[in-house]
């Protein structure tokens, strides 16, 4: 049997070679990345099982916030994974992350489930930090590989990848409900084994490839097709989450919901196969005819004449290896490859670091305290669970929205990406204010704003670093930039929000004439529990916005230039070489 499509013929004999092409192609690599990132956000469901930890182990709010800090510390301390990725292949980095994920969360589950004796606080901090830190190994191996395999339109591509990570909390929640039912302890078990299993299954497909342009494929259009599927997944999860909180679901209904979620999660494979079929047909056409001038589809289309591989090789600029310890205070132009120390000591990186400290540090504090905020304002447990799920969903929309929207603004009007970041920081100020001065239902709006802002800030940080400092040491640099996040989380979560909350709770006990016994739960009720803390967070986020606006002024000229020009030229060169080699091979066979 023979099938035809797209100008080509496809028979039974082509099934095996086509399957091999799909599995070894860039698009299946991206599909594998979606699945890995879609399971790498276990840290985002901390709000669901944190109350279980507090109840079972008898922690006060300050101790629970300390656990939250070490979770955030593990999530954002990615320097080790970055340095490992500089010297090891992506598959090794991914396997290390899988091992850390299983070990950390499995020990956490054993402790909460009572399978082992009650651990010390430092042990719980170690377990949750280890499990959360595994996300960095998956994130580094996948994100760096994808940015290098798809260097153009990186804002959109990274938005998709980090968007799936933002959705992963809600995805894991639906899967755990379909497998275990409503049992928070089992959620910890699920996030121990499932992400590790997915990483192991798809580890062989995450690898660096030569970027080659193919006629008939517009990367941006393909990314939009992936976006539509991910939006459908996000909307479905949001509807199901709200419905599940309003009406009781049977276990069978949970199973049905989980099945649909898994179907939508795997649906991007259809787009992957479609793109590889276009590449397959193009290869068949190339084998039949000699290389000629090819029209390259990009944001600036051009006719590029073919030339011999020898000429192309001669035309390539000679790259000089520079030590990362040399010329620390003499960095290259923005967009070129900085050494690690050049980037760390640059004013641009210091400003990004401070903005991240203010922005992500405050939004992480808000996210980690949503459960206690809802409790203090008298919301039901089901409503509190809805807040956490809404954070995960809008975290996704923040990532993909900021990625695609900032890419559009940059392409259309040369709007600097830091300007979008400054706008997001200002939006987060509004979210903090409605927590400080709540009104009926305000916590729902606050959770939406907080989740959206956190996701947008994270994605924009990753993208801006890749644009300003190049891709050579990107694995280390974006993880260094993220160090500001746990630092901000510790200061604002543990030293500000946690302390002020406990002080208010102790005041309420004193008014009632009661004293807190060691190990007793410490709970504050009322609007005053978080008011002062969130007014402080508002002021901090506003200062971060002002800093980012100054970065806009510094980088305005850079963003007005063609910042992706060199990546297009490299892709065109690789295409020329590939076509010449394919033509020579076809002539040899003849």
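Positions of Cβ are set from backbone N, Cα and C atoms, glycine also.
For the domain 'Nodulin-like' (26-272), the predicted model reports an average pLDDT of 91. TrEMBL lists 26-272 with the feature domain 'Nodulin-like'.
If you look at the transmembrane segment (27-46), the same-chain residues 6 or more away from its ends with a CB under 8 A from one of its CBs are 68, 71-72, 74-75, 94, 101, 105, 128, 131-132, 134-135, 138-139, 142-143, 145-146, 149-150, 157, 160-162, 164-169, 171-173, 187, 191, 194-195, 198-199, 202, 205-207, 209, 222, 226, 265-266, 268-269, 271-272, 275-276, 367-368, 388, 391-392, 395. For 27-46 (among others), the entry in TrEMBL reads transmembrane segment.
According to TrEMBL, the transmembrane segment annotation covers 66-85 (among others). Long-range contacts of the transmembrane segment (66-85) within its own chain (CB-CB distance under 8 A, at least 6 residues past either end) are made by residues 43, 46, 50, 53, 59, 92-93, 96-97, 104, 121, 124-126, 128-137, 139-141, 144, 360, 364, 368, 475-480, 482-483, 485-486, 489-490, 493-494, 498.
According to TrEMBL, the feature transmembrane segment maps to 160-181 (among others). Using a Cβ-Cβ cut-off under 8 Å and counting only residues 6 or more beyond its ends in the same chain, the transmembrane segment (160-181) has close neighbours at 33-34, 37-42, 44-45, 48, 135, 139, 142-143, 146, 187, 189-191, 194, 223, 226-227, 230, 233-234, 237-238, 240-241, 244, 249, 251, 254-259, 261-262, 265, 388-389, 391-393, 395-400, 403, 451, 455, 458-459, 462.
What TrEMBL records for 187-210 (among others) is transmembrane segment.
Feature annotation from TrEMBL assigns transmembrane segment to 222-242 (among others).
As annotated by TrEMBL, transmembrane segment applies to 254-273 (among others).
Annotation comment: TrEMBL describes 343-367 (among others) as transmembrane segment. Residues 44, 47, 72, 76, 328-329, 331, 334, 391, 421, 424-425, 428, 431-432, 435, 446, 450-451, 453-454, 457-458, 461, 464-465, 468-469, 473, 477, 480-485, 487-489, 491-493, 496-497, 533-534, 537, 540-541, 543-545, 547-548, 550-551, 554-555 of the same chain lie 6 or more positions beyond the ends of the transmembrane segment (343-367) yet place their CB under 8 Å from a CB of it.
Per TrEMBL, domain 'NFD4 C-terminal' is recorded for 344-559.
As annotated by TrEMBL, transmembrane segment applies to 379-397 (among others).
The transmembrane segment annotation in TrEMBL covers 418-437 (among others).
Positions annotated as transmembrane segment by TrEMBL: 443-464 (among others).
Listed by sequence, the residues of this chain that lie at least six past the ends of the transmembrane segment (471-492) yet keep a Cβ under 8 A from its Cβ atoms are 68-69, 72-73, 75-79, 81-83, 85-86, 136, 140, 143-144, 147-148, 151, 324, 337-340, 343-344, 349, 352-354, 356-362, 364-365, 368, 461-462, 465, 533, 536-537, 540. The feature transmembrane segment is assigned by TrEMBL to 471-492 (among others).
As annotated by TrEMBL, transmembrane segment applies to 532-553 (among others).
Fewer than three CB pairs closer than 8 A are found between the transmembrane segment (222-242) and the transmembrane segment (443-464), and contact between the two stretches is not assigned (pairs 6 or more residues apart). Outside the transmembrane segment (532-553), and at least 6 residues removed from its termini, the chain residues within Cβ reach (under 8 Å) are 348, 351-352, 354-359, 361-363, 365-366, 416, 418-419, 421-422, 425-426, 428-429, 432-433, 435-436, 492, 496-497, 500-501. Below 8 A, the CB atoms of the transmembrane segment (443-464) and the transmembrane segment (379-397) form 3+ pairs separated by six or more positions in the chain. Non-local neighbours of the transmembrane segment (418-437) in the same chain are 355, 358-359, 362-363, 366, 373, 398, 402, 405-406, 409, 443, 445-446, 449-450, 452-453, 456-457, 460-461, 464, 527, 530-532, 534-535, 537-538, 541-542, 544-545, 548-549, 551-552, 555; each lies 6+ residues outside the stretch with a CB under 8 Å from one of its CB atoms.
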